[in-house]
Every structure is written in C-alpha cells, then in structure tokens.
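Here the structure comes first, spelled out in structure tokens, and everything after it is commentary.
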Amino acid sequence: MDELTMDTELWTAVLQDGAFAAVAAVGFGMISNPPKRAIYMIALLGAVGHACRYGMLHGVGLNLSVATFLASMTIGLLSVFLAKLIRCPAEIMAFPALLPMIPGMYAYKTVLALMKFMLNSDVPHSELNDYIIDIFRNGLTTIFVMCTLVIGMAVPLLIFKKVTFTRTKAK
C-alpha cells in the first residue's frame, strides 16, 4: 500500500471515530440536561478528544494511557475556552466528552478473568496463571486510563482557575 492510501485510511478512521464519539458524548451529556448551546460543544469536544486519542494510538503509536492523557488534556483546555464563549461551566461540556474514552472493554475483561479464576479452581495452575495475568493486565490498564482521564481533565481546570471558576452569566 502506498503512503497516500494509508494516510487517507487513517484520516477516514480518525474522522469516523470522532463522529461516533460525538454521538456518545451528546448521549452522556443529555443526562445532565445542559443548555442547548452546550450540546454542540459537547459533541465537538467528544469528537476532537476521541479523534485525537485514536490518531495518537494508530498514527503516532503512543500507548493507550499517554494518548488518553493528552486527549483528556485537549478536552480540558478546549472546554475552558469554550465555556467562556458560550457562558456555560467547563465541566458541563468536558465530563460528557470524556465518558466515551472510558476503557469499558478492559474493565469487562478484568471482571471476566476474575470470574473465570474464581469459578475454575479445579483447573491446572498454568491456566489459573493465565487468568491472573489477564486480571492484572486489564485491571491495571483500566486503572491507569481512568487516572489519566481524571488528571488530564483536572490539570487545565486548575491551571486556568480564574477563567474556570468565574460566573458564566451574560454581561
């Protein structure tokens, strides 16, 4: 495959990933009943954050935790500046945009391996060792990604504290 085709395929996949993340972010955002003007920004932040993470994972080759940290920092920074633009708290937009990046499959695989380990005590030790490895590998991945989501989101909010924690009322 030539380089142009690979670049086109990567960009198509990044845009598709961003579009699906935007839909998920809006769905999560609707739970908290945000103002209508914030819904578009939630979609934008969800799409940009998830697309950034996907691009860093598959285009640059970063690992999941680092890519998630940088993507959540992107969401945090954009939410701080968009909050002032639409007069809405940054958290209203940022938290729903982060939710599509929660590593649900890793958490599921952790619980599945844990259940297999507990229910198959009569199998050989080598198979139990595989379950333990799966529990720790997937569990630690889940924990690290969740921590990077929180830290990446919190850092911009704390750096731009004056902008973040001001009233959003129209003047």
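Quick reminder: no glycine exception, Cβ is built from N, Cα and C everywhere.
The annotation domain 'Threonine/Serine exporter ThrE' is assigned in TrEMBL to 19-158.
Annotation comment: TrEMBL describes 12-31 (among others) as transmembrane segment.
The transmembrane segment annotation in TrEMBL covers 38-56 (among others). The list of residues near the transmembrane segment (38-56) in space but at least 6 beyond its ends in sequence, with Cβ under 8 angstroms from a Cβ of it, reads 10, 13-15, 17-26, 29-30, 62, 66-68, 70-72, 74-75, 78-79, 82, 86, 88, 92-94, 96-98, 100-101.
Residues or ranges marked as transmembrane segment in TrEMBL: 62-83 (among others).
Counting same-chain residues at least six beyond the ends of the transmembrane segment (95-119), those with a Cβ under 8 angstroms from any Cβ of the stretch are 20-21, 24-26, 28-29, 31-32, 34, 42, 45-46, 49-50, 53, 64, 68, 71-72, 75, 79, 128, 131-132, 134-135, 138-139, 141-142, 145-146, 149, 153. As annotated by TrEMBL, transmembrane segment applies to 95-119 (among others).
The annotation transmembrane segment is assigned in TrEMBL to 139-160 (among others).
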Worksheet item: So which residues does the transmembrane segment (12-31) touch in its own chain, when a touch means Cβ under 8 Å and the partner is 6 or more beyond its ends?
Response: 38-39, 42-51, 54-55, 58-59, 92-93, 95-97, 99-101
Practice prompt. Determine how many residues of the domain 'Threonine/Serine exporter ThrE' (19-158) DSSP places in helix, in strand and in coil.
Written response: 123 helix, 0 strand, 17 coil
